[in-house]
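Taken verbatim from Swiss-Prot:
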- Ser51, Thr52, Arg53, Thr54, Gln78, Arg102, His129, Pro130, Cys131, Gln132, Cys265, Leu266, Arg293: carbamoyl phosphate binding site (BINDING)
- Asn161, Asp225, Ser229, Met230: L-ornithine binding site (BINDING)
Amino acid sequence: MTPRHFLRDDDLSPAEQAEVLALAAELKKDPFSARPLEGPRGVAVLFDKNSTRTRFSFEVGIAQLGGHAVVVDARSTQLGRDETLEDTARVLSRYVEAIVWRTFEQQRLEAMAGAATVPVINALSDEFHPCQMLADLQAIAEHKGSLSGLRMCYLGDGANNMAHSLMLGGVTAGIHVTIAAPDGFTPAPEFVAAARRRAESTGATVTLTTDARAAARGVDVLVTDTWTSMGQEDDGLDRRTPFWPYQLNADLVSLADPEAIVLHCLPAHRGEEITDEVMDGPSSVVWDEAENRLHAQKALLTWLLERQS
């Protein structure tokens, strides 16, 4: 049987995304109600990039599902060096029930998935952060109810993985997504096109703008992320100057709907992309969002493994 993979947000149809989110809500209420990895059965969790939330949430989640996480960093494997990714995928598929990988280029994940006979999950790539988006959607649903028809605004680096996932995952849920970013930091055109194609089937929309204030006006959800993503620290680009107008602060929050919520996938650079006042304020659901990485990823693993068996 060909495995189902989760490499980007639109790998799930709208109905499938809703199934995963419903299961995530159930698992949050009863963490041990699903045990698809009882045995324990193994899951490979591979890291080319450092992580806090991803590592803890996957390790704890796999244990709660009855399994054992085999956690390996890039220094400890031959991934893409002395052995091809395809050969590694074939071997790991004989050992584990799924492969979770936090890496750089999206094509590395695609190469792994192309040869694997077990599900491959994108735990973050340069292009997408789909597990985080599931957690975001779960948090939004908890605080806003139905997702369809909500208005969500992302402020900051529109070219980063969270902006891409917010577009694809958001419109899959029927959310109207606006990306507010300065010139030179807009989303990749191919991902904008993919999001708009998906939006045609859900009634959602994708809007791109350079006007942060106009983008924030009246929205239900405000989202931001770091201005400098992992691996960009030494690229020499001046990000603070163009991004200051996109800082998520009390002024921008005041433009949104009075019941609007604020999301940040963390880690946050307080005083840069988000102020302390907003991060710790009444609109923030950041900690619920972070917790939901555990529940959403457990639901995703369970859903994928059910289809594998």
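Yeah, the Cβs are placed from backbone N, Cα and C, and that goes for glycine too.
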Worksheet item: Who sits close to Asp225 (L-ornithine binding site): which same-chain residues at least 6 apart have their Cβ under 8 Å from its Cβ?
Response: Tyr154, Gly156, Asp157, Asn160, Met162, Ala163, His264, Cys265, Glu273
Response to the item:
DSSP output for Ser51 (carbamoyl phosphate binding site) maps to coil
Discussion item. Please identify which of Ser51, Asn161, Ser229 has the densest Cβ environment, defined as other Cβ atoms within 10 Å, among these binding-site residues.
Written reply: Asn161
Discussion item. Sequence gap of 6 or more, Cβ distance under 8 Å: name the residues on the same chain that satisfy this around Arg53 (carbamoyl phosphate binding site), in order along the sequence.
Written reply: Leu266, Ala290, Arg293
Worksheet item: Near Arg293 (carbamoyl phosphate binding site), how many other Cβ atoms are within 10 Å of its Cβ?
Response: 26
Worksheet item: What three-state secondary structure does DSSP assign to His129 (carbamoyl phosphate binding site)?
Response: coil
Discussion item. Just to verify a number: CA distance, Cys131 (carbamoyl phosphate binding site) to Ser229 (L-ornithine binding site), in angstrom, no decimals.
Written reply: 17
